[in-house]
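In what follows, a single structure is set out as structure tokens and then discussed.
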Ligand code: FES
């Protein structure tokens, strides 16, 4: 048994005998591992008497669950209308170039995950990048990598 399987068993056991708790189990697993490893989902499937496909069916319904490891730093480029008009595509291109990642990818060292996000409610600052939970204005898309140095 791998350490992931062992930990998944412990987490799943907390909910033994309880109904309607699958999403809570998935949340706990994601909090533990940062994503939902297949071997952990297989443990849940066996424990709950469900197929792996059923587990994936539920988990994939929610955008907040991830099936691959995520970076320590989550970089989200806002591509909402205001940010789009003010250069979000240049910001994204510079980040892709600088990090050597395409949007949606995580660096092999798990340091960064690069994503886009719709409006984050700071349109007056457009274009913006959200690094982890911090929203930052990008005054010069050519220097956007400097926002990462603050993390
Ligand atoms: S469109 Fe980017 S913050 Fe609103």
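Going from the start of the chain as shown, residues are counted 1 onward.
Cβ atoms are placed via backbone N, Cα and C, with glycine included.
Whatever TrEMBL says is automated annotation, not expert-curated.
Note that the structure is a prediction, hence the values are computed from the model and not measured.
What TrEMBL records for this protein:
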- 78, 83, 119, 123: [2Fe-2S] cluster binding site (BINDING)
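Shown on the structure are the features that TrEMBL records.
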residue : record                        : DSSP class
78      : [2Fe-2S] cluster binding site : strand
83      : [2Fe-2S] cluster binding site : helix
119     : [2Fe-2S] cluster binding site : coil
Set of same-chain residues at least 6 away whose C-beta sits under 8 angstroms from residue 78 ([2Fe-2S] cluster binding site): 88, 116, 117, 118, 119, 120, 122, 126, 127, 128, 129, 130
Cβ-Cβ distance under 8 Å to residue 83 ([2Fe-2S] cluster binding site), same chain, at least six residues away: 77, 91, 119, 123, 126, 127, 128
Environment of 78, 83, 119, 123, the listed [2Fe-2S] cluster site - residues of the same chain whose CB lies within 8 A of the CB centroid: 79, 80, 81, 82, 84, 88, 118, 120, 121, 122, 126, 127, 128
Cβ neighbour count (within 10 Å, all chains shown) around residue 123 ([2Fe-2S] cluster binding site): 16
